[in-house]
Amino acid sequence: MGTTTTAAGRRPSGTRKGLRGSLWTLAASVMLASTAQAAVPPTPEVNTTGLAVTDDTVKVGILHSITGTMAISEIGSVQAEKLAIDQINAAGGVLGRKIEYVQEDGASDWPTFAEKARKLLRQDDVAAIFGCWTSASRKAVLPVIEQYNGMLYYPTFYEGLEQSPNVIYTGQEATQQILAGIDWAVKTKGAKTFYLLGSDYIWPRTSNKIARKHIDKLGLKVVGEEYYPLGHTQFNSVINKIKLKKPDVIFASVVGGSNVAFYKQMKAAGVDFTDEKPLLLTISVTEDEIRGIGGENVNGIYASMKYFQSLDNPNNQDFVKAFKAAYGDDMVIGDVTQAAYLGPWLWKMAVEKAGSFDIDKIREASPGIEFTKAPEGYVRIHENHHLWSKTRIGQAQTDGQYKVVYETPELMEPDPFPEGYQ
Amino acid sequence: MFDGYTTSELLSIFAMQGFAGLSLFSVFVLMALGLAIIFGQMGVINMAHGEFMILGAYTTYLTSNLFQSYLPSLFSGYFFVAMLLAFVVCAALGALIEWAMIRHLYRRPLDTLLATWGLSLIMQQAYRSIFGAREVGVELPEWMMGAIQVTDLVELPINGLFVMIIALAIALGVYLLMYRSGWGRKVRAVVQNRPMAEAVGINSAGVDRATFALGCGIAGIAGAAFTMIGSTGPSSGQAYIVDTFLVVVFGGAQSLIGTIVSAFSISQAQSTMEFFMSGSMAKVLTLLVVVGILMLRPEGLMALKVRR
């Protein structure tokens with residue numbers, strides 16, 4: 001991986017900027033003669049900061065874990081990003097240049113993520129990075145990407161409370177997922193009492209904080225709030241507590257292997273989710289997770305997401321078809337996978353709007369960009385670098401797919417720093 | 001926290017909570033027995049124990065797929081075949097590993113620790129390459145899902161009962177093997193005094209290999225049983241390893257009875273506390289108590305009295 005070498009890559013790093021400047025002038029003068037034939041803008045014009053852009057290629061980075069515990073979640077994102085890149089290349093590339101990617105493995109280890117990000121930015125001079133999955137990996141990469149002024153497209157739904165000029169967040173921040181979900185449960189299901197349950201780390205805790213505030217605001221009641229260590233496998237006690245408290249809604253943000261244990265044990269304890277007594281609303285189980293849990297164990301639960309594989313619109317049908325053609329018929333596509341797919345497209349549109357690969361110009365051009373071909377329908381980049389998108393509620397079926405039962409009529413405004421919710 | 005509940009409601013919740021404690025106990029016993037045999041009898045700390053369990057789980061997964069495609073009529077009974085296969089596969093791999101790696105490292109505990117940890121990483125990556133990074137869903141026969149309705153409020157999970165029965169059966173089997181069979185006598189002889197055991201004609205290398213294989217095989221059965229309650233993925237074994245070591249060390253490294261007693265006390269403490277406080281706090285308190293007791297009794301609950 002990363003075998004392409006540009007003229008810039010071969011130069012000693014000490015004098016790279018100066019040398020590069022003069023080389024560009026040379027290249028530009030040579031090119032002046034030849035560019036007339038195509039509408040491709042000359043490289044020195046679209047790349048003033050020494051990124052790995054040549055006359056017919058541009059290099060980007062993909063930075064996810066393909067080994068270690070997080071590989072299970074991140075592989076879908078890698079696949080989606082590669083698919084988007086292939087499609088963009090097939091459609092003529094970005095500013096007439098084919099995208100080449102350098103893939104690095106974050107290995108489920110946060111310092112490794114930071115180190116690889118530095119490598120991508122300093123050594124490969126990538127024009128954008130599509131990557132990171134957990135908040136911890138993003139937080140590790142953040143200082144690097146800000147120091148070297150890179151651009152990261154981050155796909156995962158996350159807890160919010162962040163807004164970097166060097167990151168575009170293509171997943172939802174917490175309020176987009178949670179508020180709509182709870183409002184739906186209250187309005188259509190008449191929910192009055194809630195039990196908040198999550199794995200013990202920042203995302204579930206922040207999410208539940210937001211959920212609790214919102215429930216309080218509505219004048220309803222939280223009857224329990226619990227966290228279990230990551231990887232916890234025994235949920236019998238909490239299941240008993242839930243049976244004792246009889247909440248209307250279990251609001252679950254359990255992640256990873258714990259998820260499998262939790263739903264299997266709920267099922268074994270005689271809970272039938274289709275009864276909706278209690279109703280289970282999750283923000284952490286996508287189609288990807290159901291593959292490990294087993295459709296029969298989650299049949300009837302509700303999830304609040306922005307994307308489900310079963311969404312019925314032409315964009316999504318094309319996307320699902322292309323994804324399966326590329327990676328096999330038995331693939332499933334979860335919320336984050338779709339968000340990862342948006343990354344390369346949003347970057348391409350920003351580059352083309354700015355008419356330049358320069359990070360500063362992309363940053364300026366990004367807010368307001370609309371992507372009408374998104375599998376989830378339509379998205380727009382907000383001033384705060386998050387996406388306007390709709391929130392949907394889906395009910396899990398035995399075949400491991402969600403049936404969409406509700407969709408917010410309007411796009412939800414991203415609000416990474418919700419007032420009164422912190 | 002119990003305002004507004006009737007006595008019968010409370011009683012049934014406590015009954016179910018007691019059952020939850022017992023089923024945690026059997027999970028602990030299953031996890032720890034294999035490790036206790038290897039650690040206790042051979043002094044080898046097998047860091048790859050969790051990965052052997054997951055090998056058992058993957059064996060179950062493959063067996064379930066096999067039955068689904070070729071013998072759908074017998075699907076309801078596949079689990080027993082799967083457990084047997086899990087034992088055989090894990091024991092065979094265990095014997096191979098002992099022969100190739102462990103036997104060269106006896107009396108070098110730290111090196112074994114590192115070597116088996118490396119082995120666990122290799123096994124994890126192998127699972128990832130073979131089965132994919134995603135967790136696989138192991139489908140269970142219909143009769144193993146759901147719960148037995150005892151009263152209106154008391155429901156006992158069938159898979160919990162099943163795990164309990166397996167744990168009991170294996171504990172009993174290990175007891176008979178170790179304390180009531182000729183082979184067990186040889187194992188104990190080797191543990192107590194290796195040169196003397198060799199002098200009276202016991203093939204100690206053979207005993208070591210068989211012990212290691214047995215421990216791994218039991219880990220395999222445990223893994224097969226855990227497909228009912230947990231996840232099956234390349235790194236799922238990591239979720240069990242800490243608790244496993246906790247139980248074995250707390251029980252006293254060389255005592256199988258100690259392992260059982262320790263599994264019982266830790267599981268009861270944990271599940272009771274989980275009921276009254278949040279899961280993370282219960283875990284922290286359990287660990288604190290264990291650390292405290294180990295400071296007073298460094299040899300664990302039931303230390304074997306041996307001449308040093």
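The chain as shown is numbered from 1 upward.
Even glycines carry a Cβ here, placed using N, Cα and C.
Worth saying up front: this structure is predicted, and the values here are computed from it rather than measured.
Summarising the annotation, TrEMBL assigns transmembrane segment to B:20-40, B:52-71, B:77-97, B:158-178, B:212-233, B:239-263, B:275-296.
Counted as Cβ pairs under 8 Å, contacts with the transmembrane segment (B:52-71) are highest for B:212-233 among B:20-40, B:158-178, B:212-233, B:239-263, B:275-296. Note on the transmembrane segment (B:77-97): residues 48, 52, 55-57, 59-60, 63-64, 67, 71, 119, 140-141, 144, 166, 209-210, 212-221, 223-225 of its chain, located 6 or more positions outside it, place their CB under 8 angstroms from a CB of the stretch.
When Cβ-Cβ distances under 8 Å to the transmembrane segment (B:212-233) are tallied for each of B:20-40, B:158-178, B:275-296, the top count falls to B:20-40. Under 8 Å from some Cβ of the transmembrane segment (B:158-178) lie the Cβ atoms of residues 19-20, 22-23, 25-27, 29-30, 33, 37, 83, 140, 143-148, 184, 187-188, 214, 218, 221, 225-226, 228-229, 256, 260, all in the same chain and six or more residues away from its ends. Beyond the ends of the transmembrane segment (B:239-263), by six or more residues, the same chain brings 25, 28-29, 31-33, 35-37, 39-41, 47, 49-50, 53, 171, 174-175, 178, 191, 226, 230-231, 287, 290, 293-294, 299-304, 306 to within a C-beta distance below 8 angstroms of the stretch. Outside the transmembrane segment (B:275-296), and at least 6 residues removed from its termini, the chain residues within Cβ reach (under 8 Å) are 1, 17, 246, 249-250, 266, 269.
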